[in-house]
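The structure appears below as structure tokens.
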Amino acid sequence: MILFFEYAIASGFEDEGILEEGKMMFNTLLNQFLEIDNVTSLIHKDFADDYKDFENLKIVEIEDDKDIEIKLNDILKNEKIDYALTIAPEDENILYNLTKIIEKYPVKNLGCSSNAIKVAGDKYLTYLTIKDYVKTPKTFKPKKYVIKKIDGCGGKFNLFDENFLIQEFVEGESLSVSLIVGKKIYPLSLNRQYIDERGFVGGEVNIKHRLKDEIFNEAIKAVKCIDGLNGYVGVDVIVNDEIYIIEINPRITTTIYGLKTEPSLAELLIKNANNEELTFKVEGKEFTINK
């Protein structure tokens, strides 16, 4: 039995853009997991009807997002779960806390460890951890900053608190690397990211690039800096004449919507959890997100 859920769908998240990305990731992996085994999933009552006709899927309905941790504990305590995977944001330690719950039980976590999430989920800790090993934009310690125009007048300024950090802007191509991390690190694909004023709005998966091997190598070097990364990991990079590591995402990313592997990504995650050698073929496609 596989326990698999996505936080936006489980919590009834109201932001349509976030929910759209959540559904893209959840539906992609859910269908793959169902080809392997029975699946139990936490799904908010507003979305449960969308999945009621799925065979071999047990739905645990959520009334309120405060119930998620309680229901997660109940399932792991009372059902025979072999593997568990949650897709959730790092914000407010959501992914960290859910992973800590999974780690209390004798199941195989298909995702990253809570210790790795603690580091990779914090942009400044990530910077401190990788800056001596890979090129990354100069980043200043989070504290209160005032930002104002050089020639401004009238006392106008913006004040940012300790929840923000200031980072050097690097011009270049916005790319990402999808990897599976275990006893070995397997690059799956190099991807182009579509980013505008709305944020991440899509991409092109498994692209060709003259620096592909070098980008893979830099991503692997960065991943090796953080203990406990496991399963699917996404690394954001900026490429110009050099390769800059921007962020390490210790979780499933929306890029998997455009990623097709043989065997499936779900099967690769399970093989990885069992310390098996991975061999695979990769195809990719372009996708967009409605925001």
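Cβ atoms are placed via backbone N, Cα and C, with glycine included.
Swiss-Prot lists 104-274 with the feature domain 'ATP-grasp', giving sequence analysis as the kind of evidence. The ATP binding site annotation in Swiss-Prot covers 131-176. For ASP236, GLU247, the entry in Swiss-Prot reads Mn(2+) 1 binding site. Under the heading Mg(2+) 1 binding site, Swiss-Prot lists ASP236, GLU247, citing sequence analysis as support. Residues annotated as Mn(2+) 2 binding site in Swiss-Prot, with sequence analysis given as evidence: GLU247, ASN249. Feature annotation from Swiss-Prot assigns Mg(2+) 2 binding site to GLU247, ASN249; the stated evidence is sequence analysis.
Features as recorded by Swiss-Prot, highlighted on the structure.
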{"residue": "LYS131", "record": "ATP binding site", "DSSP class": "coil"}
{"residue": "PRO137", "record": "ATP binding site", "DSSP class": "coil"}
{"residue": "LYS143", "record": "ATP binding site", "DSSP class": "coil"}
{"residue": "GLN167", "record": "ATP binding site", "DSSP class": "strand"}
{"residue": "GLU173", "record": "ATP binding site", "DSSP class": "strand"}
{"residue": "ASP236", "record": "Mn(2+) 1 binding site", "DSSP class": "strand"}
{"residue": "GLU247", "record": "Mn(2+) 1 binding site", "DSSP class": "strand"}
Local Cβ density at ASN249 (Mn(2+) 2 binding site) - other Cβ atoms counted within 10 Å: 19
Candidates ASP236, GLU247, ASN249 (binding-site residues) - the one closest to GLU173 (ATP binding site) by CA: ASP236
Which binding-site residues sit within 10 Å of ASN249 (Mn(2+) 2 binding site) - Cα, from LYS131, LYS143, GLN167, ASP236: ASP236
Most crowded position, judged by CB atoms within 10 A, among ASP236, GLU247 as binding-site residues: ASP236
Model confidence over the domain 'ATP-grasp' (104-274), averaged pLDDT: 92
Distance, GLU247 (Mn(2+) 1 binding site) to LYS131 (ATP binding site) (CA atoms, angstrom): 12
Among LYS131, LYS143, which are binding-site residues, the residue with the most C-beta atoms within 10 angstroms of its C-beta: LYS131
